[in-house]
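Peer 1: Next up is a structure, given as structure tokens.
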Amino acid sequence: MSLERPRQTPDSDDDPAAPADDASGPLDADALRRALGDAVLATEEHVHAPAVQIRPDAVQSSLSALREDLGLDHLSCVTAQEYEDRYESVYHLKSYDDPTREASVVVPTPRSDPVSESAAPVFRTAEWHEREAYDLVGIQYEDHPDLRRILLPETWQGHPLGLDYDRTRPQVVRYDENANPLAEDGRADTNTMLLNIGPHHPATHGVMHLQVTLDGEQVADVEPDIGYIHRCEEQMCQQGTYRHQIMPYPDRWDWGGGGLLNEWAYARTAEALADIDVPEYAQVLRTLAAELSRILSHMLAVGAYALDVVGDFTATFMYAMRDRELVQNILEDLTGQRLMFNYFRLGGVVWD
């Protein structure tokens, strides 16, 4: 991200003419400079959200200021990327009360020492995001409460989304490093019991492994293991072309029924970057297909919840699957596929 150097801006407390920053409406780069002061390295204006680059040792103080002073109380996601000369962590902040109020906080770190403060003490949603950035990119986050791999096993060597990662190199795990995968026997020290639920593959609604700690019949703790279907599609997309080779991948992000919605998200992003106008007729087709896809996903969610949580294998589950099949038949007639639709194209759809 190329950012301009910050201008010298008088502080609003010292300059009566400086505009006040009320916690409503879109933000601009000047408001971010006033809120963050010396922590700012550079800024950049964007259509929807201004970006501010800050020092890696000022993450917590900066995010706290944006949360308390500017009303950015929602950390929607964290993006991590390695470049030729640096790493970047990008925190995307929004406001629950005002959807037009958002900002991107960019934290650069040198490739020789990719370490920055963790955002987890300010936003708990950063815990899993930063674990993923550490796991796949290799950025270290100080003060993180549980910085370890989240998608790959602890024995994995390297970070798959790094520029220097060798995809052809086999993963070799020494026997003495992984000889006993069982947890230590803690019965002498505690009354709890460790229960493994899964990993299992319940048809099309996800692969899950839960490490559950039981205190008698009460669940004391649950540790989800979520890395069973990740395939580093970011790397595949980086080596494909925008026009044709990436569109099949979004379907695989949610094969339970949300594929068309993911296709739409990718298509809109690429179209905005390339200034591609979508005809109104194609927009109508996209909307109809996406709404059917959303119904498809909801029917699966309701049916799977009834089956897995409630234990209802009869009425709710069967009715949900019956109605889902009707919608799936319509989408098959429209797209030619039942799950991996690959229907959207940049500028429209593949056919009508």
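Glycine is no exception: its Cβ is also placed from the backbone N, Cα and C atoms.
According to TrEMBL, the protein carries these features:
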{"type": "COMPBIAS", "residues": "1-10", "note": "compositional bias 'Basic and acidic residues'"}
{"type": "COMPBIAS", "residues": "17-28", "note": "compositional bias 'Low complexity'"}
{"type": "DOMAIN", "residues": "52-168", "note": "domain 'NADH:ubiquinone oxidoreductase 30kDa subunit'"}
{"type": "DOMAIN", "residues": "314-352", "note": "domain 'NADH-quinone oxidoreductase subunit D'"}
{"type": "REGION", "residues": "1-28", "note": "region 'Disordered'"}
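Structural setting of the listed features?
Peer 2: Counted with DSSP, the domain 'NADH:ubiquinone oxidoreductase 30kDa subunit' (52-168) comes out as 26 helix, 36 strand, 55 coil.
Within the model, the domain 'NADH-quinone oxidoreductase subunit D' (314-352) shows a mean pLDDT value of 92, rounded to a whole number.
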Peer 1: Restricting to the same chain and to residues at least six past its boundaries, which positions have a Cβ under 8 Å from a Cβ of the domain 'NADH-quinone oxidoreductase subunit D' (314-352)?
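Peer 2: Distant contacts of the domain 'NADH-quinone oxidoreductase subunit D' (314-352): 204, 242-243, 247-248, 251-252, 255, 257, 259-260, 263-264, 266-267, 270-271, 274, 276-279, 281-282, 285-286, 289, 292-293, 295-296, 299-300, 302-304, 306-307.
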